[in-house]
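Participant: Pulled from TrEMBL, these are the listed features:
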{"type": "DOMAIN", "residues": "65-326", "note": "domain 'Glycosyl hydrolase family 59 catalytic'"}
{"type": "ACT_SITE", "residues": "E175", "note": "active site, proton donor/acceptor"}
{"type": "ACT_SITE", "residues": "E251", "note": "active site, nucleophile"}
{"type": "DOMAIN", "residues": "334-449", "note": "domain 'Glycosyl hydrolase family 59 central'"}
{"type": "DOMAIN", "residues": "486-660", "note": "domain 'Glycosyl hydrolase family 59 C-terminal lectin'"}
Amino acid sequence: MAERLLQASRQRRVKAMTAAAGSAGRTVVPLLLCALLVPGGAYVLDDSDGLGREFDGIGAVSGGGPNFGASLHILKVEIGGDGQTTDGTEPSHMHYALDENYFRGYEWWLMKEAKKRNPNIILMGLPWSFPGWLGKGFNWPYVNLQLTAYYVMTWIVGAKHYHDLDIDYIGIWNERSFDINYIKVLRRMLNYQGLDRVKIIASDNLWEPISASMLLDSELLEVIDVIGAHYPGTHIVKDAKLTKKKLWSSEDFSTVNSDVGAGCLGRILNQNYINGYMTATIAWNLVASYYEQLPYGRCGLMTAQEPWSGHYVVESPIWVSAHTTQFTQPGWYYLKTVGHLEKGGSYVALTDGLGNLTIIVETMSHKHSKCIRPFLPYFNVSHQFATFVLKGSFSEIPELQVWYTKLGKPSTRFLFKQLDSLWLLDSSGTFTLELQEDELFTLTTLTTGGKGSYPLPPKSQPFPRIYKDDFDVDYPFFSEAPNFADQTGVFEYFTNIEDPGEHRFTLRQVLNQRPITWAADAYNTISIIGDYKWSNLTVTCDVYIETPEKGGVFIAGRVNKGGILIRSARGVFFWIFANGTYRVTGDLAGWIIYALGHVDVTAKTWYTLTLIIKGRFSSGMLNGRYVWTNIPVSFPKNGWAAIGTHSFEFAQFDNFHVEATS
């Protein structure tokens, strides 16, 4: 291996032994040229005394592309459970006890696309919410342990049977309580189904009490393969280390994808291992593909939140990820010789055990690397020279490829720039880096790195001011209509087999009971659409109440909240009910009543609702005739359009049309 590296290195050797950063203005200088001129400590990278922990990968929640961009090793997806899980609901594969459908939602498609780009990508599944029938009347997934384990097992089996996807890891319940007996039941059920290879990660919350529970219960310790904690702040607890299990930061980042977010990611990708022995870090979330005004807007590694225009932005966290992901693979090992730099920052080194070495150095400042959580104690980073000495099997490495990122001011900013390689043959495996704040260096024997090019994205465009959808799709590729974002409930394409007329193809709210929730789901179902800045608009939609007497539906405008805040959403809501009444409210919950009265409405009949909002006034029509006019609506000033139901009930919507003038 060493001979091959030497031969390849000579072929690439540059005329000078100084590796200049060119326009980046950074210099990587062999020690022979500058060791006597600069202060600073030396950092030894050595495998003589063995290696550190096995590296398990870098990933994102809900993706990979080898040696192009982020090149992620792990894709973690939500097992849809019909409930609100931060920015919307994801449909379950089993809405009801006797229901199974493995083509709902987008996660199946996403996993298959990830596998196309990286056949070796590791797949993980984790429930946030669960369909209500599992709780048997309680908001709790552990009422019947066998039933819940069966539900999760069917998702794993369905992934393989219908999509040829092998799920590698399965979780328990995102950021909520775990049940020791449930974890054991799940392991036994997986084994019984021949899924011994599927590993269990727990508990996707804090390090405790799962770590202590494992130390007190030998069977629990045996069935859990990985302890996963969320937002650990690069630190672990003693009990977690005592389990001798793999330790992962199984959800981290959640920070706006600016350069500060990139700095956050650059810091934790190194220091999660240095400070906390965590061998995998998984960022939430993969791509910010949801309305920006929903909670945690633009908290993805990249941004693609305009499906109507096709516009997207490859943000700086993508290239920060690449510094690690393009030059390592799961199954590599960290060196024991990793740590903090004398004047701030950190370094890690990994090897494949076959002669390859990758070193990642970061100097992210406190100001420019704050993650959204937890609190980051102050630290200082300053200009320094860092000398690295390669020993052990690495002492004969002749050359290192160099990749560089500088975050901050546009005039000095560089993202994943390849510099001239560093020639080590005449420097006894020693080299010195000059380091400033907010920099990232990768030095590696691998020559396969690449900053992929891609076409210029389409220009950013606002949501169309005139938008129509008649839902006339016979064989939809996805189960949900484009641009609608379900915030409580699940709205799916539906075919009325008995209706050959205008309403053969509709959008139907399909939940008939409240799910086992993860967040504060509303007590009504709602799906939002459009531009949050819309103020003056007309919304028209055909509606069909399926539940006699108690059923009800609405259309709305200026809806000002969504995601985990949906329960407190304000707006203008026009409701009709199967008991022959209507209502106009200023909020989704129905506490603020603007008007109410009687209308000729029953279940099982199609009606056309129209909501007109202009300035400080609103009006509503039923089948083209005004029901109420010029009701004052001073708040909110703007928001999304929406459709929904009074409760968790079946109802249908058709010929949706919104026209916004401002």
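Just so it is clear, glycine is given a Cβ too, placed from its N, Cα and C backbone atoms.
Curation does not apply to TrEMBL; its annotations are automatic.
These numbers come from a predicted model, not from an experiment.
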Participant: Could you please provide the mean pLDDT value for the domain 'Glycosyl hydrolase family 59 C-terminal lectin' (486-660)?
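Facilitator: Over the domain 'Glycosyl hydrolase family 59 C-terminal lectin' (486-660), the predicted model scores a mean pLDDT of 97.
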Participant: Could you round the CA separation between E175 (active site, proton donor/acceptor) and E251 (active site, nucleophile) to a whole angstrom and send it over?
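Facilitator: With the alpha carbons as reference points, the distance is 10 Å.
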Participant: If you skip the near sequence neighbours and keep only those at least six away, which residues in the chain come within under 8 angstroms of E251 (active site, nucleophile), Cβ to Cβ?
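Facilitator: Correct list: V61, K76, N174, D204, G228, H230, Y231, I282, A283, W284.
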Participant: Near E175 (active site, proton donor/acceptor), how many other Cβ atoms are within 10 Å of its Cβ?
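Facilitator: Cβ-Cβ neighbours of E175 (active site, proton donor/acceptor) within 10 Å number 14.
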Participant: Give the residue counts of the domain 'Glycosyl hydrolase family 59 central' (334-449) per reduced DSSP state, in the order helix, strand, coil.
Facilitator: 6 helix, 53 strand, 57 coil
